[in-house]
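First the structure, in the form of structure tokens, and then the observations on it.
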Amino acid sequence: MSDVTVVSCPTCGKPVVWGEVSPFRPFCSKRCQLIDLGEWAAEEKRIASSGDLSDSDDWSEER
């Protein structure tokens with residue numbers, strides 16, 4: 001018995017079969033994949049962090 005995993009495209013929300021039949025997974029198409037890449041490149045998306053590092057955070061490359 002083969003279970004088929006289906007996910008939603010992160011760009012448009014269409015259902016996408018997670019397998020060899022969907023070469024752009026988790027995206028439904030090359031278009032949605034490129035839209036997502038463009039959002040990352042334009043810094044519209046970011047990975048959350050605990051805070052920004054600055055020169056005053058008591059660290060240095062010099063020892």
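Placement of Cβ uses the backbone N, Cα and C atoms for every residue, glycine included.
What Swiss-Prot records for Cys9, Cys12, Cys28, Cys32 is Zn(2+) binding site. Cys9 (Zn(2+) binding site) falls within neither a helix nor a strand when secondary structure is assigned with DSSP, and so counts as coil.
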Cβ-centroid neighbours of Zn(2+) site Cys9, Cys12, Cys28, Cys32, 8 Å, sequence order: Pro10, Thr11, Gly13, Lys14, Val16, Phe27, Ser29, Arg31
Least buried by Cβ count (within 10 Å) of the binding-site residues Cys9, Cys12, Cys28, Cys32: Cys12
